[in-house]
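Encoded as structure tokens, the structure appears first; notes follow it.
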Amino acid sequence: MSFEEAKAKLEAAGQTHVLQFWDELSAEERGTFLEEISQLQPDELVEHCREAAASASRHSSADGRLDARMQPVPPEFIGSVRKSDRETLQKWENEGLLQISQDRVAVLLLAGGQGTRLGVSYPKGMYNVGLPSGKTLYQIQAERIQKVQELANVRHGCRCTVPWYIMTSEFTLGPTEKFFKDNKYFGLCPSNVVMFEQRMIPAVGFDGKIILEKKNKIAMAPDGNGGLYRSLVDNKILADMERRNVEFLHVYCVDNILVKMADPVFIGFCVTNGADCGAKVVEKAYPAEPVGVVCRVDGVYQVIEYSEIQPETAELRGSGGELVFSAGNICNHFFTRSFLRDVAEKFESKLKQHVAIKKVPFVDGEGNLVKPTKPNGIKMEKFVFDVFQFSKKFVAFEVLREEEFSPLKNADGAPLDTPTTARRSLLAQHYRWILAAGGSFLDEQNKPFTPKHSTAQIEDPPAVCEISPLVSYFGEGLEMLLNQKNLKSPFILDENEAKNLVHTV
């Protein structure tokens with residue numbers, strides 16, 4: 001792109017100030033700047049800047065009018081681990097493993113965010129929460145994929161593949177690619193790990209003007225996890241899924257240490273019910289818990305953010321004392337490939353733009369970098385769950401929080417969602433698995449611990465124990481290894497230890 005072409009494009013969008021420092025730039029700086037500007041589409045840019053300014057003013061005057069239009073998800077559209085018998089859960093698991101065995105299931109990771117709130121500059125998936133093994137979130141997830149493939153292979157006598165699609169951003173793609181290469185893709189075939197980058201869009205001032213973060217660089221931000229749908233087309237991911245005959249997709253966020261990759265029970269539940277779109281939910285812990293609620297508004301399924309619900313609505317209870325709006329969203333979804341194609345081709349442009357008012361560093365009229373002390377800019381983003389409204393058959397699946405949801409969002413010192421709470425959640429789960437398998441722990445005097453099945457994030461489990469996902473996906477196969485075994489803390493059950501235990505049975 002030439003300077004004249006860039007100028008014409010920006011004039012058409014009413015953003016000529018972007019080139020105000022052109023005469024001060026080196027040839028190299030001009031080249032990279034023109035490359036960035038070439039990615040912008042004038043029509044989209046005009047609409048984006050106009051909508052950002054308008055949305056910011058609406059955002060400041062938002063009210064709770066949604067409350068009167070909200071309805072909970074009808075019981076017939078909610079499956080539940082807690083309320084289902086073992087036979088039903090087994091039926092769903094069998095169906096899920098069948099679909100996996102036929103190479104019809106893939107997983108897609110939303111990994112565009114950095115670990116800023118954790119106090120690190122690298123992608124969250126590279127974070128080590130302090131497990132005895134030292135494993136990162138990426139490694140845990142990769143090993144769960146390997147194990148669920150193995151479970152399907154053994155059940156159906158085949159050799160299947162669960163492709164792993166990873167949506168990154170400008171900030172996370174490079175480090176993530178290097179991390180996977182350096183770690184030999186954690187045992188997965190590199191051709192089955194497909195990374196792609198979501199779109200970046202300009203940050204805009206309250207006056208509707210694009211913000212410059214440098215003299216030759218526009219302040220850009222990822223377009224939210226709802227940018228997935230456009231990225232699936234832009235990066236030919238839907239075409240890749242079709243080539244692989246993938247029909248069902250499990251989509252999740254990177255920061256949940258308990259996530260079950262391609263969960264056969266969830267996949268089986270959705271497929272059995274003929275769903276084109278599904279969401280895992282957990283029962284809200286308390287009315288004001290800061291999680292979105294899956295519900296219906298004017299008869300259409302969607303997620304309402306906790307900040308949009310008035311306290312009196314959040315506190316509504318049913319005849320049994322349960323919260324009426326209890327289905328907490330955990331960013332853990334099921335989609336059919338055909339539904340994703342419909343969204344990408346027909347509905348993506350209709351997705352709601354959510355406003356985030358942020359402090360955006362910028363260069364002033366003199367070219368000096370300014371780090372604002374109060375919010376000065378607007379970042380627009382779309383959310384992955386805003387497609388529920390387009391579903392022809394939506395279902396929700398309630399899972400147990402202690403088994404499936406422990407997000408990593410904040411640095412230690414915060415009350416919730418920290419490396420410590422994530423670590424405790426996983427270790428407590430593994431402690432419960434060992435007790436359920438008939439194992440027990442000895443203290444330093446070789447006396448048995450008193451079993452304690454109920455463990456919480458506020459304390460460490462009575463014994464430190466970690467089970468590799470390569471040994472057990474959701475607690476299966478442990479009884480033959482651990483029944484009537486006396487173990488000492490810390491105990492790490494990896495593949496080598498499992499082989500040793502088999503030889504002592």
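Glycine residues also receive a Cβ, built from the backbone N, Cα and C atoms like all the rest.
Keep in mind it's a predicted model, so treat the numbers as computed, not measured.
Listed by Swiss-Prot as binding UTP are LEU110, ALA111, GLY112, GLY113, GLN198, GLY224, ASP255, LYS379; the candidate from LYS124, LYS209, LYS214, LYS215 that the record includes in that site is LYS124. A straight line from the CA of GLY224 (UTP binding site) to the CA of LYS409 (substrate binding site) spans 16 Å. With a cut-off of 8 Å between CB atoms and residues at least 6 apart in sequence, the same chain places MET167, ASN225, LEU228, VAL251, TYR252, CYS253, VAL254, CYS331, VAL384 near LEU110 (UTP binding site), listed in sequence order. A simple way to gauge crowding: the CB of GLY112 (UTP binding site) has 30 other CB atoms within 10 angstroms, across all the protein chains here. For the pair LYS409 (substrate binding site) and GLY112 (UTP binding site), the C-alpha distance works out to 14 angstrom. Maximum C-alpha to C-alpha distance over the listed UTP-binding residues LEU110, ALA111, GLY112, GLY113, LYS124, GLN198, GLY224, ASP255, LYS379 is 22 Å.
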